Each structure stands twice: as structure tokens, then as C-alpha cells.
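Working notes for the structure below.
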Amino acid sequence: MTGSISGEADLRHWLIDYLVTNIGCTPDEVDPDLSLADLGVSSRDAVVLSGELSELLGRTVSPIDFWEHPTINALAAYLAAPEPSPDSDAAVKRGARNSLDEPIAVVGMGCRFPGGISCPEALWDFLCERRSSISQVPPQRWQPFEGGPPEVAAALARTTRWGSFLPDIDAFDAEFFEISPSEADKMDPQQRLLLEVAWEALEHAGIPPGTLRRSATGVFAGACLSEYGAMASADLSQVDGWSNSGGAMSIIANRLSYFLDLRGPSVAVDTACSSSLVAIHLACQSLRTQDCHLAIAAGVNLLLSPAVFRGFDQVGALSPTGQCRAFDATADGFVRGEGAGVVVLKRLTDAQRDGDRVLAVICGSAVTQDGRSNGLMAPNPAAQMAVLRAAYTNAGMQPSEVDYVEAHGTGTLLGDPIEARALGTVLGRGRPEDSPLLIGSVKTNLGHTEAAAGIAGFIKTVLAVQHGQIPPNQHFETANPHIPFTDLRMKVVDTQTEWPATGHPRRAGVSSFGFGGTNAHVVIEQGQEVRPAPGQGLSPAVSTLVVAGKTMQRVSATAGMLADWMEGPGADVALADVAHTLNHHRSRQPKFGTVVARDRTQAIAGLRALAAGQHAPGVVNPAEGSPGPGTVFVYSGRGSQWAGMGRQLLADEPAFAAAVAELEPVFVEQAGFSLHDVLANGEELVGIEQIQLGLIGMQLALTELWCSYGVQPDLVIGHSMGEVAAAVVAGALTPAEGLRVTATRSRLMAPLSGQGGMALLELDAPTTEALIADFPQVTLGIYNSPRQTVIAGPTEQIDELITRVRARDRFASRVNIEVAPHNPAMDALQPAMRSELADLTPRTPTIGIISTTYADLHTQPVFDAEHWATNMRNPVHFQQAIASAGSGADGAYHTFIEISAHPLLTQAIIDTLHSAQPGARYTSLGTLQRDTDDVVTFRTNLNKAHTIHPPHTPHPPEPHPPIPTTPWQHTRHWITTKYPAGSVGSAPRAGTLLGQHTTVATVSASPPSHLWQARLAPDAKPYQGGHRFHQVEVVPASVVLHTILSAATELGYSALSEVRFEQPIFADRPRLIQVVADNRAISLASSPAAGTPSDRWTRHVTAQLSSSPSDSASSLNEHHRANGQPPERAHRDLIPDLAELLAMRGIDGLPFSWTVASWTQHSSNLTVAIDLPEALPEGSTGPLLDAAVHLAALSDVADSRLYVPASIEQISLGDVVTGPRSSVTLNRTAHDDDGITVDVTVAAHGEVPSLSMRSLRYRALDFGLDVGRAQPPASTGPVEAYCDATNFVHTIDWQPQTVPDATHPGAEQVTHPGPVAIIGDDGAALCETLEGAGYQPAVMSDGVSQARYVVYVADSDPAGADETDVDFAVRICTEITGLVRTLAERDADKPAALWILTRGVHESVAPSALRQSFLWGLAGVIAAEHPELWGGLVDLAINDDLGEFGPALAELLAKPSKSILVRRDGVVLAPALAPVRGEPARKSLQCRPDAAYLITGGLGALGLLMADWLADRGAHRLVLTGRTPLPPRRDWQLDTLDTELRRRIDAIRALEMRGVTVEAVAADVGCREDVQALLAARDRDGAAPIRGIIHAAGITNDQLVTSMTGDAVRQVMWPKIGGSQVLHDAFPPGSVDFFYLTASAAGIFGIPGQGSYAAANSYLDALARARRQQGCHTMSLDWVAWRGLGLAADAQLVSEELARMGSRDITPSEAFTAWEFVDGYDVAQAVVVPMPAPAGADGSGANAYLLPARNWSVMAATEVRSELEQGLRRIIAAELRVPEKELDTDRPFAELGLNSLMAMAIRREAEQFVGIELSATMLFNHPTVKSLASYLAKRVAPHDVSQDNQISALSSSAGSVLDSLFDRIESAPPEAERSV
């Protein structure tokens, strides 16, 4: 080392500085753990750098060294290490490393075993607690094999089901390992498991996995089964490009090497059960031969198929009792198990050099083979003894020196005695009788984990050696009589045993034998504990915890996990040690947060805040991006001082203390007092001289502190007197000169103390200048920010101005300052300032500086006496300086750090920057903060300054403690399997799902199992009726119950207990049904009968077989006596409409025939008499069960929620009912928010009960399909789109219309145009131009009846001054409906086409356009009701000349369009639904606490929900109007109130209990006088102003167009059109914060029977557009039905029609979610409807996101970029199978698992989307969404286009979404007329 480079840390800093200077990085971008290549060092750069290092270090440095040590940290460590001489000890040790018997250190371990074991510590606790992980096979594990023929099912039933199973083997963190979901699905879960556990093992070892890149690290992985690959390849149609690598055994090791970029050996080892111990042996050999420098040895085993179970069963190897009893007399075989284990190995000398924790030392190992024994799978005693002798010879120790052996110990009749004799013969011989060899086997706890068995035993043994204790061998009670333990000098450890004291290190052996004959044994020894050198273990006073993760969510998860651990198991670990491991022994990740703390309590609180994403002292949350290059140090003026500042820094920050000490002599000389003493003693600075000198001293010391952490200024700016410190830092002045300037300035100003003042005003500069115009002695002293200025002048005038500003409701306050600079009072001081500093000789700054002294920022100041005299007088142009720095021509700066003891300018800085450069990313930080721990505050700000990677913290001495490993974020990944349809099962029996019955004998003495199999088909249901739930057929619960009850009856049981319903059975497609009864348990499961992506078994119900028939009858009688009698005071009620009650809950139909004869209700009891038909082919049990289940769910008629059965504690069957009449008695025993519990008894009149259910529990569903548990209908598209309410919101997108060709079904060749009639406003000119195009004018005497084309030109003016918009709409509706009637009555051989022309409705700017807008809704209904006579509706511009439109109309007449058409500038536009996307334009709604909010229709069910919603958003005052008044409050308690009125009152009271003032007013919103009276009364009472409107009033009156009457139309339009117009006039744009109009999707989709309602809602849509254009936050919300409310009958009709496309109604919760979502966007009209993505040809919906190619050239550049980003995001997210909203546009595709196959698929879809041919390497050349969009933008629109041209064109193949909807709706039956 040279004088300037004294160690590794110095060399690291030198390398960072070199890269910053020569490669062009910023310090924040230089990650010392990234490879030099990743940091931009090319081969040429490496050659130059090697020469620089050779000269610096005085030794030869080769460029090759950069490849062997590829990171800054690794290179610094290598170059700083002493170079060994040939005869040095190091050389001797290096030679020793080549020895084949060098000890190997175990430095890290990881494991995952059943029983909740996820780490070595958990395994130790598990073993010491004598626990066992053995259980029966998980219910779904073998489901793919349960759908075979009966003989297969029988074999499966006879197969042992005992095992040790991991849960959730389908769970994997694919994103973390940068693997796409598609590839992860095809990966053997053993590969996935190994990736996670290996990462955990490396973290346990304290080795950041990222540091192993390109290193000679070997991977040796034991595995012996590839069942997943076999399953995945069984169906060739499912095999893809991932299948081979996903299922290959070799990839198990290679996958880890690939992900970590390891260059050592990568070997998959398969020697069956000895695989993992052989892997350890091979890893040790590879380390000793220097094939690798670090080795990862592993074993993994998963049991996915029953085939191997079956094979071992056949030879009697598996324990029928489900226990591994190694060495016990009752041993009857082993139990198979799952798990994974990983160990990290190093040569011992390397581990000691690196300060690693050495958990144990491998002294030797050996591997042999049985050769030819008594059979391939039979053990060979001689071979076992040979491997033991070889291992101990290799270890260099006597066999008698080993204390304990972890035996193979499977618990088999043959294997245990053979192994015991081999151990005793080799290792037991010569031992004293009282010191036997101790043996045990982990298989007694975990089962035989096969390929992972050796490493399981190895990890257990390492833990035992560490802890000095040996866990007990489970299930050892009586020694195996075939093993002479005493003679062999061996003992089985049957209790927790202390390690015997032997006088030598603890030593143990581990054995593992493969069933093919490969034997392995490893010898280990206790490792030596590493202790830090004396004096090196001092803990820092403040610690920084760096919590890293690939995403912000992962950072949060890690922080929460660490907090839990520090409060629990890690409570004794020192905070500094936690920081040590976290900061230096974890991999760097793209995102990180930091926590700075002095103690554990602060650290835990900070971690909790970081986990929650909250702000807290010391916490810096992950940055969303880098602010860009360039750092500015900003030096504030006076005011940041506080007593105690810097005291902690002096104690805890050496760089700060050194800076103060270096400054101290000159400071004392200039200031006359000690800066050190003031800071150390926490003294207060008093007087202008002390304050100004103390602050500059503080600023100079803080500057050195920042620089010591690598944060250097690129530019400096000083504010007022802060410019002195800035000049010193820039190099223009020395510290002594700076202190002299400050001392002179403060001394001259001191006599003026108290003679003037300054004030901070919340005003911009022009406003301030206007304010002080009348005060000539007051000046604008400081331009602080666009919103802040500071004035200076006489105190009295300053106070007067403060009063004036506060009167404007603006902030104004005096500045606490002794002397006010920057005003004319300074003029008298300037000469003295020039004189006293005349000899000042400043230098040229070495760092850029912007002076705030001059208005012209381009002034290059000379920091001499003249400058400082001017500085104290001139205004401070701080705002201008900051704006210039943030957007300068020489390059913008993005990080601004205020160097002061308290932040005064940070907010002003950020305000200025955001005003100057909106949308740019900047960071504005302080340094310290008043009255806080200044070390914690500084470190926190330091961390905020590092956004790319955290600041480097000193590396404490080793060892480091282990802390919890990375928390995974698992998602499910599994293959799909497919079986041929109809291969299994017969049709089910009538009334049940039971099919063919098979009895299956079991291996043990247990009773036989029973299996019923059937095939359920939609066209062959076992019940006569239907049971449709939201348009999907669901097998009723009664049939499911009847099924398992019938099976129980066949087995001699008449009762069931513990019935649990898990999933519904959807009967919309064929399904295979299995009922299995085994050992008093019964269950029903199903699987799709045909191969589909969801082809897996689903369990629907489980129960316990219970009680004998006699017991059951007794129970029934007792239960009937208790609950079967109706209460004495019961009264008979009217029989409710059962079908209506069910329909309200989304259920259509009954599966069985039964009717209600009487209904008697009292309190919680209900008795219902039911009648059954005389002929019941399926018997009476099914109908009775069906009645009981349905009626119990309806026991509270007033509760309209949907209830589904969840469980039954007991259900019993009695005698079969023979009569037609039975009674169902219901007793509701519990009723809460989650559901109800009911006891049910069914009996014929006066007879013994035939059915009893105790504690029938229903759960309430808020969402019809309960998609969290059940599959939605297949036609609904992706579940996410079906369930995420934010996906329900659409806008209307107007796109150029597709012109159909002559062969199009909707096109008609017009060779002989027929007569045309023009009706309505100004049709003469239009008629003339049509005549010129060949159309004949109709004879008007009978024109309409004879015309081929009828064109109605909408009137644009009212009939008179008093005609309101409602009157106008009624009049025009009457005219048009009469016209439709006339045309509809024409003969079929005289077709006609009706067209309507409107003007300006699209924009709705003019009143005449708004008035016509209702016609849009009416037009859609006419098209739906009368498609045979509908032509279309065309909207012209408001000023279009009808005569000029004639030729275009002539072309359109022959092309009927169900869509509304808009013609602008010669282009015809058609509507399409478009999802709402992009960034929100406003924050979520928050009501003002001092305002009131009006809801019309507010007393209805919908209005009251909206009132509650507003209350949730802070509304304190609500005005609810309705046409029906509420009774006086004194009558609110009366029992005579009806249910509906009671519901309204209860809702209002609930609001009032929340603190909301509710004013319920009876008013007709359509009546202008009523509304004016309401507002006038509020004004008189001084009520709070109304700041928001929700117009929810409305009624429906269903009529077909041909039946509509004027009165009916008026009734519907009055509240909608009339009410909205009254509200619009009463609350003009700008008077309210929001104006919401509750409309209906009927106005969009054209629902038969809804002409007037659709028309009224279209008016609301237009009014919203009109107000929005006037700057008012107005939105029309076009809803479908709200479930349970029936917003209107029309909305239900919309839902019924949309259900054919997979849509549905929505819950209130979903409605409000959608509302809140769309409210953030600048949208006038929102269509809220669940719309599935359109399915592809195969029904998969894979192409749902594709859009026709656009005409990019006519779009603005910003729009092109936005469209491309959104479209590409959809395409790529779909292919990568990640949620679109989680696809970061800046994240490289490679991190998401992109590969060439996926790239080709994305390329194809992108070509269709963009419309141009794309390169195959496109995604790799442009690896993020953002960069790809930028590239494509240049391809498709190379020239910037005006922002005004926003029209996008569709290709000729494009179709309108609405066209499709109308096509579906037009088939509505003509009898759609109905009443509400």
C-alpha cells in the first residue's frame, strides 16, 4: 500500500472516485457489489485502469484480475491483501489447499421440511420437541389420479396414504427468480424448492448471492424422482418449449447455477436415497481439487404420484401404521417424506480467512457400492462396513473417536439389523461398555425423505454438534431383538441427551444408503467459534438498517418480518449486529428502504413504519425512481440555530468532529469564542455576531460531514449571508476569509439591532410589489419561491402589512431577526464594508456557484469587498437561482441539500422547482432539524440522498449473527392435466349424484373403502327442475346432501355429523363425480369431464358418518319435541312469493316440485306447510331436503342477502314421508353479520320427524358467485376482469366508422333508391340534394306510408318561450313514436328505414343541442324494438348546412347502423366502449367539513347508500330530498310505521350517530319552485352552503315505443330531465365541487321497453358533457342494476341482456369502488358495467387486448406514446401472465422471465396492434415497456403532430363494441313491456 492508500476502504473509495471521474457515473450510481462490466467498464477501460492501479500500488495489476474479482468490493479486498512470498506461511497454506484431505467448513444451511420447518432453527426445535410430521396424503395431492377407470381407483384405494408432506408445493416466488409464470408452471417444483432454499442457505451463510456471479461456485444437487415431468408430458397438447427444461432432472442443479451465474461444476446426483449425502461428498472433493472455491450441496424430494407408493407397497416396504420406528422391535417399514436441504461449504482455511461462522467441519467422507448382493434393493453388510472404514480413513481419525452416528435408519425389518451390525462392527468395537456409540435417525420425525434424506440427517447432526445435545430417536420403545446393542457397544438415543464429554471436539458420522446400492458416509467435527479481535467489537452509537427488495412490497414484507423477529426470537441480538448482517451479508436489490435508530425500540418502530409505508423518524421509504444527476448544496442565512445543535454529531460522527477541530483555531481568531465549546455544551447563540459566525462554522463542518459520506456538491447556492459559506465551499474564499467576511458583516450590522423588521408573506412577487407600493420604506428583500416573499422595512409598517395580508386569508408572519438586511437601511453600512474588506483577494471557484445577490443570474461575481457590500443590500434572488439550477442550459441539477442546522428553505426549493419544471423529479433535503437527535436526522437525510443504492456503511469485524431470510411472495404454479371425456362413470341416480359403487379393500386391517363414481351432464341432471344462480346452473345443496345421505344409508348409517360445504358444483358442463367413504368419513368431489385448463379435482362437501338407525330415530324424536312445535303466540302470515324471494337473491328456479301451503312466523321461529306432488320418481327425500334448505335460508324474509349453506352439525333421516303434506319447522338460533344458524325439522302432520338438521349454518354472500371460492361461468372471461370493479368503468370512444362492403350482411346495394320523406326542421334543402343523388321525394299526402326512407330532422327550437326541456322532449317523443307506429303498421313487403338527424349533441355546447340529446337514448330503443325499420341516427355539427350533408346522407341511407353516428369534418364516427386508463387527474373525493351536500332521491335505498358513502368521505351535513315526506320525529318510534319507512329512518339515525347532520326534505326536484324554496329556507337559516350534488331521483315506466303516451313519457322525464335542468340552473358551473348524475346503461345499450327512460338518461349524459366543458366537475354515471336494490327495472334488463355475454349486475360495494376509481379521471360520462374480455376463437380470451391498428400519423406525439405504452403493457402483461397494473414500465423484461419464445409471441401481437412489421430482436434491443414504446413511436409517427389533432382511425376491419351489444339486445322479445 502507498501512503495515500492504507487499506481496503481507501482503495474502495479510490476506485469509486476513478469511475465517477473517468467512466461518467455519479457516486450514487456506483454500487460496489455490481460487476465492473455492469458499471460500464469496457475492456479498453480495464487496461487503462490496470495501469493506474499498478502505478498507485507499486505492484503489477493485470486486467485479468478484474475478471477474477469482478466487483469493486472484491477487487479492493484482493488488491489490499498482502502479496504472499514463495516461502511465506500463506504459500504453505495455499499448498495445503490442494490436499485431498483438507477439512471442509459448513458455513451455511437451509431447509424446508413438513411440520412447518422452514429453517435449521425450526428443525432443531421440532426435533427437541419430539414432534412428527407424518400424516395422510393431502386431499388434493392425488386428485389427478383419482379420475381413472374403476380398477385404477381400486388400486389407488389400496395404496398406503401415510407420508410426510409439505404444504403448498404449488407455491413459488417466480417473480423473485425472474421466471415467467408460464415457465414456472412447467418447472418441476423440486427445482423451485431448491432455488428458494438455496437462497436461504446462502443468506444463512452471510454470503450475498449476488457476489457469487461468475465465480467458481459449484452446485451438487441430489434428486431421484421426476414425477412432475412425467405428469406434464402425459398430455402432448400441453407440452411446450418449457416442458423439457422444466421436467429434466439435470436442470435441478443447472437452474441454480444459471440464476446465480455460477461458473463451477453443476451436477445433479441421483443415487436414490443416498443422493444428497453423495452430493455433499462430491462437493467436498470438488473443493479439495479446487474445481470450485465454494460449493452448494443439496437434496430435494417431492411425492407427486401414488405410483412409487404403490411399488413400495407391493414389496411391503412401507409402514401400514404410518410410523418410522427405526431400531424398534415393532418396526414395520418406512414412511415416505418430502423436503429439501441445502448446505454451503468452503475449504476451512478460506472460511477462517473470510471470518465465516463455521457451523461444523467435514473431516472426511466416502462413497461405495453394494455390488451384487441378495438383490438389487437388498443391502450389503460388507459394503456398508467398507464405506465406514473408508470415511474415517479419509478423515484421519480412529473409528472409536466418533461419538454419534446419524444412521440411515429406515425402520425396515431387514435394513435396521444390517446397518446396526455394520456400525457396531466398525465403530463400536473397542469402546468401553459405559461409553457406547450413540445412534439415531431423523426419519423417525420426518419420514424417509429419500433424495433429501442424507442432507436431512446431515443438518440434524450439524445442529446437534453445535448445541452439544442429541435429539431423541422417536418411537423407540423396545429394542429390535435382532440387534445385539450391548455386544455391538451401541445405544439408541431415546431421550434428549447431552453430548458425552470425551476430551476431544464433538464428532459424528452421517450415513445414507441408496436402494440401488450406493452407500455414503460423512464424518463431521465441531467447528471453532469465531470471535472479533479485542477492541474491534465496539458498537456504533447509531445504526442504519438497509432493508432491500426487488419491489416496494417486498421491502415492506422484509421490514415487517424483521420487526417481528427483533421483538421475538432475535430479542437478544444487538442492533449493531442486525445492521451488520443486513447491510453487508444480504444481496443488493433494486428497491430499498432505510431505518436509522439509536436503540432497538426505535429500530423496531421504524421497521413497522417502513412495513406500513408510513413516515416516521429515521425512516426512508423506497424511492419510486431516481431524481437524476446533479447535487446542489444550498446554504441558508440566519434562523436555523438552536441550542444543542451538533452536540451529538461531535460525539458520534468523527468526520464532523474533525472538521470542527480543524476549523477551531481560525474560528476563535475571527469570532472570539470557541465553536467546539458552544456545540459540545449545547449553548445558545446570542446576538447577531454570535449567531452569524456560529452558523457559518456549523455549515462548513456539516459540509465536510456530507462529503465524508461521498455526497459532494456539483453546485452551491447561498441564501443571504449563506452565500459566504457557499463561496468558501466553492473555493472562492478560504475558511478564514469566510469567517472574516461574516464577522465584519455582523459587527457592522449589530448597532442597527431592533431598528427594522422582516416578514414572510404567502404572496408571489408581483402581488407583494403591488402591496408595498404605498410604503416606500418597505422593500421586497427576498424572492423565496413562487408563493413566498420576504419584505424588509420599519417595524410599524411591517406590522401593518402583515395585518393586511392576513385579512386576505393568507399567511404572514414576522421573521425573528435582530437586523433586517436587504433594504435601504444597509446603504449606510456599505462604505465601511468595502473599506474593511478592501484587501480581500478571492480566487476563482472550483465548484459552480450561482449568486443570489444579482437579478441577472449570468453575472459572474468576484467575491471581493464590493460583492459583500452589495450582498447585504440587494434583494435575495433565491427563487430565480433555484429555478435556474433546476433547468439550466448547462444541465439541470436534481438533488438540493440545505446545509443548515434546521431546514428553512426545503419547501421553497421544491415549490420553485415544481413551478419551473412541472412533472420533473427533484429531491429537496435538509441536514439537521431543531430539537431532534442530529445524528439520526443527518443519517436519515443522507439515506434520502441515495436513491439508486444505499450509502456505504463501515463493515464491522466478523462474525455476524444469522437473521431471518428473505420472505417469499408466493403465487400458484402447476400444470394442467386432461383426461378423455366419458372415460369414467355412469349417469347419476335420480335425485342424487351417486353412480357406480365399488368396494375397495385396504392394506391394513381397516374396513374397506367405498367409491361411487358418476358423470354429471348438463342435459342429464338428476333432478327435474332448474337451479340457476346468476344465469349459471348450480347443483342445489339439497341434491348434494341427498347424495351423501344416500351413500351413508347404503353403508348402514342414517345420520351425518360435521357436514362442511366447501365449493358449489357448477353444472353448466360435464363433470366427473366421486363420493368416497372411508373410516367413517365421507366426501364428495368433482372434476371437469373434458380436458380444460381447470381440469383438477374440487372437493365440495365432507362429513362424518354418524349414529345407528335406532340412535338416529331417538335423536329425531327428541329434536322434534324441542323444536318441532310452533310457539303458542304464532300468527299465520300471508304466503310470500317464493319465486320473487329467490329471484331477489339471484336464484332462478327450483330443482324439485313443491309448493308452500301456509306460512306461520313468530320471532325466530317459522313453520311452513308444504305440498308435494303425488308422483315423485326420485322419492320424497330430495324435495323435502330442498324445501328445508331453501326455506331455512329465507327464514328472515326482510334480510335480502343471499345465504348459502356452510355447515351442519348433524343431519338425521327418519322414515320416508308418504303423504302429500309435510311441515318444515325452522328455529333461527343465531343471526349475525356473517350469516345465520337454523335448526330444521321436517315431518308429516302428526308423525315422527322424517328429517332433522341441527345447527344448519348459512353464510352471507356479498357477491353472487363468491369468486374467491368458486369458479365463475366459463363465458365470463378472466376472473380479474369479472371481479375487479375498477375494470367495470368504460368511456365512449368515438372512432371512424367501418364501412361495410357489398357482401356485408348489413350492407345493401342501392341501384334504385326509393322514395324519401324528410320530416321535421328545415328539410327542404336536404330533400333537394337527395333528389340530386337519385332519391325520389315521397308524395307528402301519403308520404310516410309510401316512403322507403324516412328522415326525421330534429327540431332545434322550443315551440314557445314557456316550453321547457321536458315539454320539448315529450312533444318530440310523441311525434317520433307516432312515426314509428305508422311505419310498423306498413306491410312487410314495403320496408322502410327511419333515420334521425340531430345537431351538436356530441359536444352538447348549445342549449338546442342539449335539448335534442334525449333522442340518442330513444334511438337505441327503437333500433332494439324495431330493427326491421331502423336506419340510424346521425349527429351533425351545430352549424352544418343540411343541403351540403345530402350527398353524405345518400351514401349512409343504404347502410343501416345500430350505433349512433357522429359526422364531423366529413368523417363519420361510431362509438365503442373503452376502458378508463392512464394516471388519475385528481385525488379521491374528500368532502369539506363546513359544507353541505344535496342528494336528490336521497330517501330511497340508493340515495341512502350514497349518503353513507359521502359520510365516509368526510361529509358532515347532508340534504336528502324525496317526494314522500317522512313523519315528524316524534312519530319515528311508532310501531305502525311500515318496513320501508322504518328502514329509511334507521338509515338516517345511523348517519346521525356518526356525527352527520341530516336534513330530510320533501321536495319534487323537477319543480323549480320546490328547489328554490328549499334553498331560500337554507339561506334564511344561515345553513352551510351546498358544495356538491348527487342527482339520484328517477322512476321508470316500461312501455314499448309504439305504446308510449305523452303522460307516461312526462312521468319518467320529469325527475331526470326536469330535475337535472333545475339543479343545473340553481348550481351553475363553478358553484359546487362536484355534480354527479345517476343515469342508466339503458341509455347506452337500447333496452326494449325503456324508450322514455333511456331518453331521459341520455339527456343526463349530454348535460354532464356540457357542464364539464364549462369547467365543472360533472359526471354522468350509466349504471347497470345494483344488486339488492334494483336501481330500476331497466337496469335489470340491461343485466339480463349482458349476462348472455358473461356480464352481471353489481353490488353496492363494487359500484362505489368503480365510482371512486373513475372520479379521479377527467371523464364526463362513465358506463359502469362488468364486461369480460372478448374471447378468442378458442374461447380462451387470449386475444382480448388486441385492438385494430391505428392511424398513428394523425395523433399527437404525446398521445402516440401514451397509447403505445398502454397497449404494449396489456400485450406484454398478458403474455408474461402478470397483472397489468403491476407491470412497471421501467422494469427490464428479463427480470420478469422473458425469453425468445415469449418474445416471438409478443412480437406477433404487437405487430397487429401497431400495424407494422417488427424485428425479432425488438424486445431485447428495447427491454422495457417505456423504451419499446419510445422506439415504436419513432417508427409509427416520426414527425411531431399538433396536439389539436387527436382523432385516431381504425382499420377497415374494426367493429364497434356497441354494434355487437345491439346485435345481441335486438333479439329481446316484443312482450318486454312490463311494470315496475
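A Cβ is built for glycine as well, from the same backbone N, Cα and C atoms used for every other residue.
As annotated by Swiss-Prot, domain 'Carrier 1' applies to 9-83. For the domain 'Carrier 1' (9-83), the model gives a mean pLDDT of 78.
Taken from Swiss-Prot, the feature O-(pantetheine 4'-phosphoryl)serine covers Ser43 (among others), and the record attributes it to sequence analysis.
Residues or ranges marked as domain 'Ketosynthase family 3 (KS3)' in Swiss-Prot: 101-526.
Among the features that Swiss-Prot reports, active site, for beta-ketoacyl synthase activity is placed at Cys273 (among others), with the record citing sequence analysis. Note: Cys273 (active site, for beta-ketoacyl synthase activity) has non-local neighbours Cys224, His408, His448, Glu450, Ala451, Ala453, Gly454, Ser512, Phe513, Gly514, Phe515, i.e. same-chain residues 6+ apart with C-beta under 8 A of its own C-beta. According to DSSP, Cys273 (active site, for beta-ketoacyl synthase activity) sits within a helical segment.
His408 (active site, for beta-ketoacyl synthase activity) falls outside any helix or strand according to DSSP and counts as coil. Over all protein chains present, the Cβ of His408 (active site, for beta-ketoacyl synthase activity) has 32 other Cβ atoms lying within 10 Å. The feature active site, for beta-ketoacyl synthase activity is assigned by Swiss-Prot to His408 (among others), with sequence analysis given as support.
Swiss-Prot lists His448 (among others) with the feature active site, for beta-ketoacyl synthase activity, giving sequence analysis as the kind of evidence. Just so you know, the Cβ of His448 (active site, for beta-ketoacyl synthase activity) picks up 30 other Cβ atoms within 10 Å once every protein chain is counted.
Annotation source Swiss-Prot lists compositional bias 'Low complexity' at 1106-1115.
Residues or ranges marked as region 'C-terminal hotdog fold' in Swiss-Prot: 1130-1267.
According to Swiss-Prot, the feature active site, proton donor maps to Asp1186, an assignment based on sequence analysis. Long-range Cβ neighbours of Asp1186 (active site, proton donor) (same chain, at least 6 residues apart, Cβ-Cβ under 8 Å): Pro1036, Ser1038, Val1039, Leu1150, Pro1151, Phe1152, Trp1154.
The region 'Beta-ketoacyl reductase' feature in Swiss-Prot is assigned to 1491-1728; the stated evidence is similarity to another entry.
For 1492-1551, the entry in Swiss-Prot reads NADP(+) binding site, with the evidence type similarity to another entry. Under DSSP, Asp1508 (NADP(+) binding site) is assigned to a helix (H, G or I) in the three-state scheme. Spatially close to Asp1508 (NADP(+) binding site) yet at least six residues away along the chain are Ala1547, Ala1550, Leu1551, judged by Cβ distances under 8 angstroms.
According to Swiss-Prot, the O-(pantetheine 4'-phosphoryl)serine annotation covers Ser1796 (among others), on the basis of sequence analysis.
Per DSSP, the secondary structure of the region 'C-terminal hotdog fold' (1130-1267) breaks down as 20 helix, 65 strand, 53 coil. Taking the Cβ of Ile1548 (NADP(+) binding site) as centre and 10 Å as the limit, one finds 23 other Cβ atoms among all the protein chains shown. Sequence-distant neighbours of Trp1532 (NADP(+) binding site) (same chain, 6+ apart, CB under 8 A from its CB) are Leu1526, Ile1545. All protein chains considered, the CB of Ala1492 (NADP(+) binding site) has 20 other CB atoms within 10 Å. In the three-state DSSP classification, Glu1540 (NADP(+) binding site) falls within a helix. A simple way to gauge crowding: the CB of Glu1540 (NADP(+) binding site) has 12 other CB atoms within 10 angstroms, across all the protein chains here.
Long-range Cβ proximity for Gly1500 (NADP(+) binding site), meaning a same-chain Cβ under 8 A and a gap of 6 or more residues, is found for Gly1522, Ala1592. Remark: His1516 (NADP(+) binding site) has Cys1487, Pro1489, Asp1490, Gly1555, Val1556, Thr1557 as non-local neighbours, by Cβ distance under 8 Å and separation of at least 6 in sequence.
Across the domain 'Carrier 1' (9-83), DSSP classifies residues as 46 helix, 2 strand, 27 coil. Every protein chain shown contributes to the tally, and the Cβ of Thr1524 (NADP(+) binding site) ends up with 10 other Cβ atoms within 10 Å.
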